[in-house]
Amino acid sequence: MMSDYNWFEGIPFPAISYQREILEDIRNKFVVKEEDLLILTYPKSGTNWLIEIVCLIQTKGDPKWIQTVPIWNRSPWIETDIGYSALINKEGPRLITSHLPIHLFSKSFFSSKAKAIYLVRNPRDILVSGYFFWGNTNLVKNPGSLGTYFEWFLKGNVLFGSWFEHVRGWLSMREWDNFLVLYYEDIKKDTKGTIKKICDFLGKNLGPDELDLVLKYSSFQAMKENNMSNFSLIKEDQVTNGLKLMRKGTIGDWKNHFTVAQAEAFDKVFQEKMAGFPPGIFPWE
């Protein structure tokens, strides 16, 4: 079991597959190209679902690409050593995934016309999902209990740091024309409507049948059965108890796990940390 994180600029990263030199190069040297598309999220926000939807939009619903190429090759995580080397050598438009907070992301992006989609999810559900997910990997120290992980999460002592700072940082770009903010809860409630919104943002015109195919092949069940998307190909030495990337994918699962005291404590921290945002911006509030 990894005893600790790999810290960089005050942010905890997994102890393997993440290198300080690469993180520095991403921020200072990596050039985001105009034709690139960025998928930005805090971990456990529905990243893989969004990647699957975007990939299917690009193929107009044809599932061949998503069923033959692993998800981390279709849209590599730039902050991993493998992802970074794949991206710097890739020609043409690139799909780029990242969990990096805004202050660690490539400086070149902020003066480019590249489009980015930022996906936000209720942090309470992220906390519960993260607890069950990370506890089954060898990538981080095991909290042992949800109560311990709860405390870590509120303090930002979890992978990729504070959810509150991550979301505050990236949402500062929400008025930019090349930046689309999506909410996991909205995708769950109206998947087809969200797919159309992404198509509009990307300038893609899909017919009704093509939209239905995107919907079909990006469903929870379809992704769960797709070995290119469910992370079943991941190395066994990084997994302890049979990693399940796709556990539930539901909204409000935190209510099954938080105590009343935890729910109240979380509400208090949320109100403090997210003060200043317009009322109603978060669909779960």
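Note that Cβ sites are derived from N, Cα and C of the backbone, with glycine treated the same way.
What Swiss-Prot records for LYS44, SER45, GLY46, THR47, ASN48, TRP49, ARG121, SER129, TYR184, SER218, MET223, ARG247, LYS248, GLY249 is 3'-phosphoadenylyl sulfate binding site, and it gives similarity to another entry as the kind of evidence. Applying an 8 A CB threshold to same-chain residues 6+ apart, the list for LYS44 (3'-phosphoadenylyl sulfate binding site) reads ARG121, ASP125, ILE126, SER129, GLY130, PHE133.
Secondary structure at HIS99 (active site, proton acceptor), as computed by DSSP, is coil. The local packing around HIS99 (active site, proton acceptor), expressed as other Cβ atoms within 10 Å of its Cβ over all shown chains, amounts to 23. Among the features that Swiss-Prot reports, active site, proton acceptor is placed at HIS99, with the record citing similarity to another entry.
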